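Note sheet for the following structure.
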Amino acid sequence: MNGAVIDPLIQEAYGVLETGRSVSYDLATRLATLRGEAVVDLLSLANKVKNRFAAPDGALHSCSILNAKSGACSENCRFCAQSLHNQADVESYSLLDRSKVFEAAGRVYAKGVRHFGIVTSGYGYRTVNKEFQRIIDLITGLREEYPGLKVCASLGVLGSDSAALLADAGIAHYNINLQVSPDRYSDLIADSHSQNDRIETIRLLRKHRIAVCCGAILGVGETMQERIDLIFVLQALDVAVIPLNVLVPVDGTPLEGSLPLAVSDIVKTFALCRLAHPDKVIKFAAGRETVMKDFQGLLMLAGANGFLTGGYLTTRGRDVGDDQAFMEQLKHFSGRS
(Lines of atoms letter the chains of each structure in order from A; the text may use other names.)
(Lines give C-alpha, C1' and ligand atoms only; values in the text may rest on other atoms or scores of the structure.)
Protein backbone atom coordinates (compact mmCIF):
# COMPACT_ATOMS: atom_id res chain seq x y z
CA MET A 1 0.00 0.00 0.00
CA ASN A 2 1.36 3.38 -0.94
CA GLY A 3 1.83 5.93 1.83
CA ALA A 4 -0.05 9.19 1.84
CA VAL A 5 1.54 11.80 -0.41
CA ILE A 6 1.26 15.49 0.37
CA ASP A 7 0.68 17.70 -2.64
CA PRO A 8 3.88 19.54 -3.70
CA LEU A 9 2.10 22.88 -3.35
CA ILE A 10 1.38 22.19 0.31
CA GLN A 11 4.95 21.02 0.83
CA GLU A 12 6.08 24.38 -0.54
CA ALA A 13 3.65 26.20 1.75
CA TYR A 14 5.13 24.47 4.81
CA GLY A 15 7.80 27.15 4.69
CA VAL A 16 5.34 29.38 6.58
CA LEU A 17 5.44 26.99 9.51
CA GLU A 18 9.22 27.12 9.57
CA THR A 19 9.71 30.87 9.10
CA GLY A 20 6.48 32.57 10.18
CA ARG A 21 6.52 34.52 6.92
CA SER A 22 3.53 34.75 4.61
CA VAL A 23 3.11 32.66 1.52
CA SER A 24 3.53 34.65 -1.67
CA TYR A 25 0.59 35.89 -3.70
CA ASP A 26 1.58 33.47 -6.45
CA LEU A 27 1.66 30.48 -4.10
CA ALA A 28 -1.69 31.44 -2.56
CA THR A 29 -3.17 31.55 -6.06
CA ARG A 30 -1.85 28.08 -6.82
CA LEU A 31 -3.01 26.69 -3.46
CA ALA A 32 -6.51 27.90 -4.28
CA THR A 33 -6.66 25.30 -7.08
CA LEU A 34 -6.39 22.38 -4.64
CA ARG A 35 -9.31 19.97 -4.53
CA GLY A 36 -10.43 16.90 -2.62
CA GLU A 37 -8.21 15.42 0.08
CA ALA A 38 -5.53 18.05 -0.56
CA VAL A 39 -7.88 20.66 0.93
CA VAL A 40 -7.83 18.75 4.22
CA ASP A 41 -4.02 18.84 4.18
CA LEU A 42 -4.20 22.59 3.52
CA LEU A 43 -6.46 23.05 6.55
CA SER A 44 -4.09 21.01 8.68
CA LEU A 45 -1.19 23.27 7.73
CA ALA A 46 -3.25 26.40 8.44
CA ASN A 47 -4.16 25.03 11.86
CA LYS A 48 -0.50 24.34 12.66
CA VAL A 49 0.47 27.86 11.58
CA LYS A 50 -2.27 29.31 13.77
CA ASN A 51 -1.15 27.28 16.78
CA ARG A 52 2.49 28.25 16.36
CA PHE A 53 2.24 31.94 15.52
CA ALA A 54 -1.24 33.29 16.34
CA ALA A 55 -2.35 31.23 19.33
CA PRO A 56 0.73 29.57 20.86
CA ASP A 57 -0.96 29.40 24.26
CA GLY A 58 -4.19 28.01 22.84
CA ALA A 59 -6.05 31.28 23.50
CA LEU A 60 -8.99 32.19 21.30
CA HIS A 61 -10.39 35.65 20.62
CA SER A 62 -14.14 35.93 21.25
CA CYS A 63 -16.06 39.16 20.96
CA SER A 64 -19.65 40.31 21.18
CA ILE A 65 -21.23 43.30 19.46
CA LEU A 66 -24.22 45.52 20.12
CA ASN A 67 -26.27 47.12 17.36
CA ALA A 68 -26.34 50.45 19.20
CA LYS A 69 -27.92 52.42 16.36
CA SER A 70 -29.97 50.58 13.77
CA GLY A 71 -31.33 51.18 10.28
CA ALA A 72 -31.96 54.34 8.27
CA CYS A 73 -28.50 54.12 6.69
CA SER A 74 -27.83 56.45 3.77
CA GLU A 75 -25.44 54.02 2.06
CA ASN A 76 -26.57 51.46 -0.52
CA CYS A 77 -24.63 48.34 0.52
CA ARG A 78 -26.28 45.53 -1.43
CA PHE A 79 -26.13 42.92 1.35
CA CYS A 80 -27.30 45.11 4.22
CA ALA A 81 -30.72 45.07 5.85
CA GLN A 82 -30.14 48.51 7.36
CA SER A 83 -29.83 50.48 4.12
CA LEU A 84 -32.59 52.95 3.25
CA HIS A 85 -32.10 51.87 -0.37
CA ASN A 86 -33.24 48.31 0.41
CA GLN A 87 -36.64 46.96 1.40
CA ALA A 88 -35.69 44.71 4.31
CA ASP A 89 -37.89 44.55 7.38
CA VAL A 90 -35.51 45.81 10.05
CA GLU A 91 -36.00 47.75 13.25
CA SER A 92 -34.71 51.32 13.16
CA TYR A 93 -33.72 53.28 16.25
CA SER A 94 -31.37 56.07 17.27
CA LEU A 95 -28.33 55.63 19.51
CA LEU A 96 -29.28 53.55 22.55
CA ASP A 97 -29.16 55.18 25.94
CA ARG A 98 -26.38 54.46 28.41
CA SER A 99 -28.33 51.97 30.53
CA LYS A 100 -29.13 49.67 27.58
CA VAL A 101 -25.53 49.67 26.36
CA PHE A 102 -24.19 48.92 29.84
CA GLU A 103 -26.78 46.18 30.34
CA ALA A 104 -25.74 44.47 27.10
CA ALA A 105 -22.05 44.70 27.97
CA GLY A 106 -22.68 43.40 31.47
CA ARG A 107 -24.47 40.30 30.18
CA VAL A 108 -21.58 39.11 28.02
CA TYR A 109 -18.95 40.24 30.54
CA ALA A 110 -20.57 38.00 33.16
CA LYS A 111 -20.17 35.06 30.76
CA GLY A 112 -16.46 35.65 30.26
CA VAL A 113 -16.40 37.66 27.02
CA ARG A 114 -13.76 40.39 27.21
CA HIS A 115 -14.19 42.16 23.86
CA PHE A 116 -17.36 44.21 23.38
CA GLY A 117 -18.09 46.26 20.27
CA ILE A 118 -20.40 49.24 19.83
CA VAL A 119 -21.77 49.30 16.28
CA THR A 120 -23.75 52.09 14.63
CA SER A 121 -25.43 52.29 11.23
CA GLY A 122 -24.64 55.10 8.83
CA TYR A 123 -21.78 56.46 6.76
CA GLY A 124 -19.72 57.46 9.77
CA TYR A 125 -18.38 60.43 11.72
CA ARG A 126 -15.99 62.50 9.64
CA THR A 127 -16.54 65.29 12.17
CA VAL A 128 -17.24 65.18 15.88
CA ASN A 129 -20.86 65.85 16.82
CA LYS A 130 -22.96 65.36 19.96
CA GLU A 131 -23.81 61.77 19.07
CA PHE A 132 -20.17 60.88 18.57
CA GLN A 133 -19.29 62.46 21.91
CA ARG A 134 -21.96 60.27 23.53
CA ILE A 135 -20.23 57.24 22.04
CA ILE A 136 -16.89 58.39 23.45
CA ASP A 137 -18.53 58.72 26.87
CA LEU A 138 -19.91 55.18 26.52
CA ILE A 139 -16.47 53.80 25.73
CA THR A 140 -14.78 55.45 28.70
CA GLY A 141 -17.67 54.52 30.99
CA LEU A 142 -17.64 50.85 29.99
CA ARG A 143 -13.91 50.60 30.58
CA GLU A 144 -14.36 52.03 34.06
CA GLU A 145 -17.37 49.85 34.90
CA TYR A 146 -16.01 46.49 33.71
CA PRO A 147 -12.34 45.88 34.57
CA GLY A 148 -10.44 44.17 31.78
CA LEU A 149 -13.17 44.73 29.19
CA LYS A 150 -11.70 45.72 25.83
CA VAL A 151 -14.17 48.10 24.24
CA CYS A 152 -14.24 48.21 20.45
CA ALA A 153 -16.33 50.11 17.92
CA SER A 154 -17.55 50.04 14.34
CA LEU A 155 -18.84 53.50 13.49
CA GLY A 156 -18.09 53.90 9.80
CA VAL A 157 -15.79 56.41 8.15
CA LEU A 158 -13.85 58.73 10.47
CA GLY A 159 -12.03 62.04 10.34
CA SER A 160 -8.80 62.91 12.13
CA ASP A 161 -10.52 64.50 15.15
CA SER A 162 -12.91 61.60 15.68
CA ALA A 163 -10.07 59.07 15.38
CA ALA A 164 -8.04 61.04 17.92
CA LEU A 165 -10.92 61.02 20.41
CA LEU A 166 -11.27 57.25 20.06
CA ALA A 167 -7.56 56.85 20.76
CA ASP A 168 -7.81 59.06 23.84
CA ALA A 169 -10.80 57.03 25.07
CA GLY A 170 -8.69 53.87 25.02
CA ILE A 171 -10.55 51.95 22.34
CA ALA A 172 -9.12 48.45 21.84
CA HIS A 173 -10.00 47.78 18.18
CA TYR A 174 -11.86 49.65 15.47
CA ASN A 175 -13.74 47.64 12.87
CA ILE A 176 -14.16 48.87 9.32
CA ASN A 177 -14.41 46.12 6.70
CA LEU A 178 -13.22 46.40 3.12
CA GLN A 179 -15.62 43.54 2.21
CA VAL A 180 -14.24 42.69 -1.26
CA SER A 181 -11.23 43.40 -3.45
CA PRO A 182 -10.86 47.08 -4.42
CA ASP A 183 -11.80 46.68 -8.07
CA ARG A 184 -15.12 45.00 -7.23
CA TYR A 185 -16.36 47.22 -4.39
CA SER A 186 -18.58 49.54 -6.43
CA ASP A 187 -20.44 46.77 -8.28
CA LEU A 188 -20.61 44.11 -5.55
CA ILE A 189 -21.03 46.23 -2.40
CA ALA A 190 -21.93 49.92 -2.82
CA ASP A 191 -21.45 52.94 -5.05
CA SER A 192 -22.78 55.57 -2.64
CA HIS A 193 -19.26 55.80 -1.20
CA SER A 194 -15.86 54.48 -2.19
CA GLN A 195 -13.77 51.77 -0.61
CA ASN A 196 -10.99 54.33 -0.50
CA ASP A 197 -12.99 56.20 2.17
CA ARG A 198 -12.55 53.12 4.32
CA ILE A 199 -8.88 52.71 3.48
CA GLU A 200 -8.22 56.33 4.44
CA THR A 201 -9.97 55.69 7.76
CA ILE A 202 -7.70 52.69 8.34
CA ARG A 203 -4.65 54.87 7.73
CA LEU A 204 -5.99 57.46 10.19
CA LEU A 205 -6.53 54.76 12.79
CA ARG A 206 -3.00 53.45 12.32
CA LYS A 207 -1.68 57.01 12.64
CA HIS A 208 -3.39 57.24 16.03
CA ARG A 209 -2.09 53.79 17.02
CA ILE A 210 -5.53 52.17 17.10
CA ALA A 211 -5.56 48.46 16.26
CA VAL A 212 -7.65 47.84 13.15
CA CYS A 213 -10.20 45.07 12.69
CA CYS A 214 -10.88 44.76 8.97
CA GLY A 215 -12.13 41.90 6.88
CA ALA A 216 -14.46 40.60 4.21
CA ILE A 217 -17.84 39.24 3.33
CA LEU A 218 -17.77 36.03 1.30
CA GLY A 219 -20.46 34.98 -1.14
CA VAL A 220 -21.53 38.29 -2.70
CA GLY A 221 -20.44 37.33 -6.22
CA GLU A 222 -16.67 37.51 -5.87
CA THR A 223 -14.27 34.91 -7.25
CA MET A 224 -11.68 33.00 -5.26
CA GLN A 225 -8.96 35.02 -6.96
CA GLU A 226 -10.64 38.23 -5.82
CA ARG A 227 -10.72 36.91 -2.26
CA ILE A 228 -6.99 36.35 -2.49
CA ASP A 229 -6.57 39.89 -3.82
CA LEU A 230 -8.33 41.24 -0.72
CA ILE A 231 -6.33 39.01 1.62
CA PHE A 232 -3.13 40.62 0.34
CA VAL A 233 -4.59 44.14 0.45
CA LEU A 234 -5.25 43.51 4.15
CA GLN A 235 -1.68 42.31 4.52
CA ALA A 236 -0.37 45.56 3.03
CA LEU A 237 -2.53 47.54 5.46
CA ASP A 238 -1.18 45.44 8.37
CA VAL A 239 -4.54 45.07 10.11
CA ALA A 240 -4.59 43.34 13.50
CA VAL A 241 -7.86 41.40 13.30
CA ILE A 242 -9.50 39.94 10.20
CA PRO A 243 -13.19 39.04 10.50
CA LEU A 244 -14.50 36.86 7.69
CA ASN A 245 -18.27 36.92 7.25
CA VAL A 246 -20.24 34.59 5.01
CA LEU A 247 -23.26 36.16 3.35
CA VAL A 248 -26.60 35.44 4.98
CA PRO A 249 -29.05 36.65 2.32
CA VAL A 250 -31.70 38.98 3.72
CA ASP A 251 -35.12 39.36 2.14
CA GLY A 252 -35.60 42.81 0.69
CA THR A 253 -31.97 43.29 -0.34
CA PRO A 254 -30.49 42.87 -3.84
CA LEU A 255 -28.69 39.71 -2.65
CA GLU A 256 -31.77 38.01 -1.21
CA GLY A 257 -31.67 35.16 -3.73
CA SER A 258 -27.94 34.46 -3.55
CA LEU A 259 -26.91 30.81 -3.49
CA PRO A 260 -24.69 29.70 -0.60
CA LEU A 261 -20.99 29.13 -1.13
CA ALA A 262 -19.64 25.61 -1.00
CA VAL A 263 -18.24 24.77 2.43
CA SER A 264 -14.98 23.67 0.80
CA ASP A 265 -14.51 27.14 -0.74
CA ILE A 266 -15.19 28.83 2.59
CA VAL A 267 -12.71 26.75 4.57
CA LYS A 268 -10.13 27.09 1.81
CA THR A 269 -10.48 30.89 2.00
CA PHE A 270 -9.91 30.81 5.76
CA ALA A 271 -6.84 28.61 5.33
CA LEU A 272 -5.33 30.87 2.66
CA CYS A 273 -5.98 33.89 4.84
CA ARG A 274 -4.08 32.23 7.69
CA LEU A 275 -1.11 31.38 5.48
CA ALA A 276 -0.95 35.03 4.39
CA HIS A 277 -1.39 36.32 7.96
CA PRO A 278 0.45 33.84 10.20
CA ASP A 279 0.27 35.85 13.44
CA LYS A 280 -2.99 37.80 13.13
CA VAL A 281 -6.39 37.21 14.70
CA ILE A 282 -8.68 35.70 12.07
CA LYS A 283 -12.23 35.35 13.27
CA PHE A 284 -15.38 34.01 11.70
CA ALA A 285 -18.59 35.90 12.15
CA ALA A 286 -21.87 35.96 10.24
CA GLY A 287 -22.85 32.75 8.50
CA ARG A 288 -21.18 30.25 10.76
CA GLU A 289 -24.49 28.96 12.15
CA THR A 290 -26.72 29.39 9.08
CA VAL A 291 -24.30 28.59 6.26
CA MET A 292 -21.59 26.44 7.84
CA LYS A 293 -24.03 24.59 10.13
CA ASP A 294 -22.47 21.20 10.97
CA PHE A 295 -19.10 22.36 9.61
CA GLN A 296 -18.65 25.56 11.64
CA GLY A 297 -16.09 23.94 13.94
CA LEU A 298 -14.00 23.13 10.88
CA LEU A 299 -13.23 26.82 10.44
CA MET A 300 -11.41 26.84 13.77
CA LEU A 301 -9.25 24.02 12.40
CA ALA A 302 -8.69 25.93 9.15
CA GLY A 303 -6.75 28.79 10.68
CA ALA A 304 -9.35 30.85 12.52
CA ASN A 305 -8.55 31.77 16.13
CA GLY A 306 -11.55 33.91 17.00
CA PHE A 307 -15.26 34.32 16.50
CA LEU A 308 -18.17 36.63 17.08
CA THR A 309 -20.56 35.37 19.74
CA GLY A 310 -24.04 36.23 20.94
CA GLY A 311 -25.56 37.50 17.69
CA TYR A 312 -24.94 39.89 14.83
CA LEU A 313 -26.39 43.24 13.81
CA THR A 314 -29.77 42.13 12.49
CA THR A 315 -29.61 38.33 12.86
CA ARG A 316 -29.35 36.05 15.86
CA GLY A 317 -26.26 34.02 16.65
CA ARG A 318 -25.31 31.29 19.09
CA ASP A 319 -25.70 31.62 22.82
CA VAL A 320 -22.55 32.94 24.52
CA GLY A 321 -22.55 30.05 26.98
CA ASP A 322 -22.62 27.49 24.17
CA ASP A 323 -19.72 29.26 22.48
CA GLN A 324 -17.68 29.31 25.69
CA ALA A 325 -18.09 25.53 25.92
CA PHE A 326 -17.13 25.33 22.24
CA MET A 327 -13.91 27.20 23.01
CA GLU A 328 -13.01 24.75 25.75
CA GLN A 329 -13.36 21.82 23.36
CA LEU A 330 -11.23 23.54 20.73
CA LYS A 331 -8.30 23.65 23.15
CA HIS A 332 -7.88 19.91 22.60
CA PHE A 333 -6.76 20.67 19.04
CA SER A 334 -4.12 23.20 20.07
CA GLY A 335 -1.87 20.95 22.11
CA ARG A 336 -2.66 23.14 25.14
CA SER A 337 -5.68 21.30 26.56
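A Cβ is built for glycine as well, from the same backbone N, Cα and C atoms used for every other residue.
Among the candidates Cys80, Cys152, the residue that Swiss-Prot annotates alongside Cys213, Lys283 as binding [2Fe-2S] cluster is Cys152. For the pair Cys80 ([4Fe-4S] cluster binding site) and Lys283 ([2Fe-2S] cluster binding site), the Cα-Cα distance reads 20 Å.
If you take the Cα of Cys152 ([2Fe-2S] cluster binding site) and the Cα of Cys73 ([4Fe-4S] cluster binding site), they are about 21 angstrom apart, rounded to a whole number. Rounded to a whole number, the C-alpha distance linking Cys77 ([4Fe-4S] cluster binding site) with Cys213 ([2Fe-2S] cluster binding site) is 19 angstrom. Remark: Lys283 ([2Fe-2S] cluster binding site) has His61, Cys63, Val241, Ile242, Pro243, Leu244, Ala304, Asn305, Gly306, Phe307, Leu308 as non-local neighbours, by Cβ distance under 8 Å and separation of at least 6 in sequence. The local packing around Cys77 ([4Fe-4S] cluster binding site), expressed as other Cβ atoms within 10 Å of its Cβ over all shown chains, amounts to 23. Long-range C-beta contacts of Cys73 ([4Fe-4S] cluster binding site), restricted to its own chain and to partners at least six residues apart, with a cutoff below 8 Å, comprise Cys80, Gln82, Ser83, Leu84, Ser121, Gly122, Tyr123.
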